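Here the structure is laid out as structure tokens; the discussion comes afterwards.
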Amino acid sequence: MPLPTQPTLDFVTGLPKAELHLHLEGTLEPDLKLRLAERNGVDIGQSTVEDVQATYRFTDLTSFLAVYYPAMDVLQTEDDFFELAHAYLLRAAANGVKHAEMFFDPQAHTARGVPFEAVVKGYHRAAAAAADFGVDADLIMCFLRDLSAESAAETLEASVPFKDLILGVGLDSDERGNPPEKFAGVFARARDLGYRLTMHCDIDQVGSIDNIRTVLETIGVDRIDHGTNIVEDPALVAEVKARGIGLTSCPVSNSFVTDDMKAAEVAQLLRDGVKITINSDDPAYFGGYVADNYAAVAAKAGLTPEEVVTLAKNSFEASWIDEDRRAAYLAEIDRYVEQYEPTEA
Ligand code: HPA
Ligand code: ZN
């Protein structure tokens with residue numbers, strides 16, 4: 001069976017893929033938010049799904065984060081974290097995700113008195129259980145960059161007893177005034193502890209290019225989250241290409257926090273041979289899981305089915321799995337493409 005002439009939603013949904021930029025707290029769907037609010041006796045100020053959705057008006061990263069953090073108050077027990085991650089992983093499986101490297105924000109919970117252990121154990125239990133439905137999942141612990149480097153360092157030390165449950169560390173939240181060098185010492189220590197390193201370089205920030213250069217040359221990250229402003233500097237594009245550094249783009253999220261999906265930038269980087277990948281970021285807030293993101297960027301940039309297959313291959317190439325599993329997933333993509341039969345007319 002030849003490839004379809006267009007990368008349809010049906011084709012991209014079944015395409016085996018890895019999701020590498022996904023905030024577990026950003027998968028909190030309105031119905032689960034309401035259920036947990038009731039169970040834990042938390043007044044979130046809304047009582048219907050429509051009321052919750054009416055608060056989802058974002059014009060930039062800052063206005064998104066202002067809605068995102070207060071909602072986390074509903075997450076209190078280990079079981080709450082398990083349920084949140086389990087619900088995401090079921091949706092991911094239905095989106096063709098075979099491997100997920102999932103961000104979580106411990107400081108957003110420990111700052112409210114939730115034990116670190118409840119967060120990491122609940123999430124890890126869900127990650128382990130996802131093997132039953134064909135997803136292998138890992139955790140990446142993010143530091144909140146608008147908090148101090150000392151707070152990040154304390155969080156890093158709190159993670160040490162759970163090091164075997166965490167694959168790497170990342171950096172998220174508000175980039176404005178919080179450049180990567182603020183966390184250089186924390187990331188050096190994380191590297192010494194054996195963690196893989198990634199950092200957000202959000203879209204269209206003041207100093208985006210300087211921050212991308214710093215994460216590559218000073219911090220020495222293994223991957224960059226978002227980072228598509230790199231197209232402004234061909235020398236940095238050449239550097240990520242030569243070093244095989246992956247970028248995790250999130251088109252639907254981009255269209256909420258800026259006025260553009262950045263599809264042209266994704267297409268350019270893909271055609272330049274950079275390991276650019278497609279991901280969903282905070283799907284409960286932006287309304288698109290990973291297959292929707294593939295379909296949206298393909299339609300906007302006019303990507304061919306072959307190019308979409310390369311995006312899926314990039315997701316495993318840029319992932320932090322061992323070489324045997326990587327080869328097995330890449331072969332699974334080839335088999336899918338060979339055997340693909342459209343299920344839609
Ligand atoms: N950028 C920064 N912080 C975040 C994001 C993001 O894309 N998603 C959730 N927290
Ligand atoms: Zn993100």
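Placed from the backbone N, Cα and C atoms, the Cβ positions cover glycine too.
What TrEMBL annotates here:
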DOMAIN    16-335  domain 'Adenosine deaminase'
BINDING   His21, His23, His200, Asp281  Zn(2+) binding site
SITE      His226  site 'Important for catalytic activity'
BINDING   Asp282  substrate binding site
Out of Asp281, Asp282, the listed binding-site residues, fewest other Cβ atoms within 10 Å surround the Cβ of Asp282
Nonlocal neighbours by CB distance (under 8 Å) for His21 (Zn(2+) binding site), same chain, sequence gap 6 or more
Phe103, Asp225, His226, Thr248, Ser249, Cys250, Thr277, Asn279, Ser280, Asp281
According to DSSP, which kind of secondary structure is Asp282 (substrate binding site) found in, if we only use helix, strand and coil?
coil
Give the mean pLDDT for the domain 'Adenosine deaminase' (16-335) on the 0 to 100 scale.
97
At the level of the C-alpha atoms, what whole-angstrom distance separates His23 (Zn(2+) binding site) and Asp282 (substrate binding site)?
6
